[in-house]
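K.L.:
Take this structure first; my questions come after.
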Amino acid sequence: MSLLLLVVSALHILILVLLFVATLDKSWWTLPEKESLNLWYDCTWNTTAKTWACSNVSENGWLKAVQALMVLSLILCCLSFILFMIQLYTMRRGGLFYATGLCQLCTSAAVFSGALIYAIHAKEILAKHPSGGSFGYCFALAWVAFPLALVSGIIYIHLRKRE
């Protein structure tokens, strides 16, 4: 049982790290010339000063939805980890981790929705930027976090507390 708890906790922490990096780092979209766009700032690489020059992102409604969903996924994932720890120490033997599992499933749905909106509406979100480029690693991390959170939620729902 302790190995299972260790694996489930490690999976949850991995999902949290993936979500933090995906939400806060600066590479949801990469353009030629080392320009990097994220959910919060548009950053360009200044070759003479060798620094990043960043400005606020557009006021696009779809981007605001992606921002809100990614922040919501982080909050839900943190909440589900806290719930798991509380349930682990207060729940009676034989109980199921329904609340934790439901929270993780909602995390998965929020990440899925945010990444899907960004993928579908990328042209609208990036309208003021030159064409070309590709999705960055933060976008990929969000898609990796989605199935992991889904599997984690299912595991929590089926997990019983034992001694």
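Don't overthink the numbers, they just go from 1 along the chain as shown.
Placement of Cβ uses the backbone N, Cα and C atoms for every residue, glycine included.
So Swiss-Prot lists these for the protein:
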| type | residues | note |
| --- | --- | --- |
| TRANSMEM | 4-24 | transmembrane segment |
| CARBOHYD | Asn46 | N-linked glycosylation site |
| CARBOHYD | Asn56 | N-linked glycosylation site |
| TRANSMEM | 66-86 | transmembrane segment |
| TRANSMEM | 100-120 | transmembrane segment |
| TRANSMEM | 139-159 | transmembrane segment |
K.L.:
In angstrom units, rounded to an integer, how far apart are the Cα atoms of Asn56 (N-linked glycosylation site) and Asn46 (N-linked glycosylation site)?
P.N.:
17
K.L.:
For the glycosylation sites listed here (Asn46, Asn56), tell me which residue's CB has the most neighbouring CB atoms inside 10 Å.
P.N.:
Asn46
K.L.:
Which residues of the chain, 6 or more past the ends of the transmembrane segment (100-120), have a CB below 8 A from one of its CBs?
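P.N.:
Those are 12, 15, 19, 28, 62-63, 65-66, 69-70, 72-73, 76-77, 79-80, 83-84, 87, 135, 139, 142-143, 145-147, 149-150, 152-159, in sequence order.
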